[in-house]
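Everything on this sheet refers to the single structure shown next.
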């Protein structure tokens, strides 16, 4: 094998036909379901003309990113079923779908981070009145996210690949290079976990402080308690979904970076794990519409009402204490 001097050069008929179907058909099914779900989200938001809101633009763009991920994942699944050995030894034909898949995943991560930041700014808006997220800000964030995702995701198409190199070749995602996988995985996965953790914890803290402030003024705090519980639940859902979706892939990249075995020695268990990580990422694309879109209206309405209540009641409390 290329990149390992002691590996066999026999590149044919590695996968078992039944194992290929057992892995490929579920992947195709999940990708198709994700395409349908995200198409429904996009069509619904466009039909309701809800795109004048900054958060709605981010939600719609998240659905586009997930749709893109599902399409490229479907492409990879078809290639896996028709030529499974190319996913082990790499080929020029699989380089493009891998790059597009990487681009779409990066775009999804940047969208999730942007949504967390926007929600934090929306809740703290009554405190930081000098800055407010507008539609133009959301559009700029969307454009920057896609430019960054394409710039990083398409680097293998522009030459950073190990298709014709004898070293640094990934055994799980050939013809990608191991250093490229580390370069895009570690900082982006860290951002996908740390930023949402910070933003949603800050939202919960802000809501709790305002609830205590209103309680000190003798005002009702039921609405704050309800919003705090819902934000906490949504945050838990986000973290569980992120853990299930990205941690296995991250573990695979770490394994890839430290592995010195031949592909034939890793077959079939490691490659089954690799395919399962792809299904987990697609499950994230299925879960995002459920978490962010279906719960967004109710949560957004509560946060909007809280901003108005906070501004009026805290001001009244301050006047009463003078």
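Keep in mind that glycine also has a Cβ here, set from the backbone N, Cα and C atoms.
TrEMBL does not curate its annotations; it predicts them automatically.
Of the given residue ranges 216-235, 236-255, TrEMBL assigns the label transmembrane segment to 236-255. Counting same-chain residues at least six beyond the ends of the transmembrane segment (236-255), those with a Cβ under 8 angstroms from any Cβ of the stretch are 112, 172, 181-182, 185, 189, 192-193, 196-197, 200, 270, 273-274, 276-278, 280-281, 283-284, 287-288, 291. Proximity of distant same-chain residues to the transmembrane segment (271-294), defined by a Cβ-Cβ separation under 8 Å and at least 6 residues beyond the stretch ends, is recorded for 19, 23, 26-27, 30-31, 33-34, 37-38, 40-41, 45, 59, 62-63, 66-67, 69-70, 73, 76, 80, 87-88, 105, 108, 112, 115, 172-173, 234, 237-238, 241-242, 244-246, 248-249, 252. The transmembrane segment (180-205) shares more Cβ pairs under 8 Å with 98-117 than with any other stretch in the list 18-43, 55-78, 98-117, 138-160.
Same-chain residues lying 6+ beyond the ends of the transmembrane segment (18-43) with a Cβ under 8 Å from its Cβ atoms: 59-60, 63-64, 66-67, 69-71, 73-74, 77-78, 80-81, 84, 268, 272, 275, 278-279, 282-283, 285-286, 288-289, 293.
For the transmembrane segment (98-117), the list of distant contacts is 55, 58-59, 61-62, 65-66, 68-69, 71-73, 75-76, 141, 145-146, 148-150, 152-157, 173, 176, 184, 188-189, 191-192, 195-196, 198-200, 238, 242, 281, 284-285, 288, 292: same-chain residues at least six beyond its ends, Cβ to Cβ under 8 Å. Away from its own ends, the transmembrane segment (55-78) comes close to residues 24, 27-28, 31-32, 34-35, 38-39, 41-42, 45-46, 87, 94, 97-98, 100-101, 103-105, 107-108, 111-112, 114-115, 118-119, 122, 133, 135, 138-139, 141-142, 145, 278, 281-282, 284-285, 288-289, 292-293, 296, 300 of its chain (Cβ-Cβ under 8 Å, at least six residues beyond either end).
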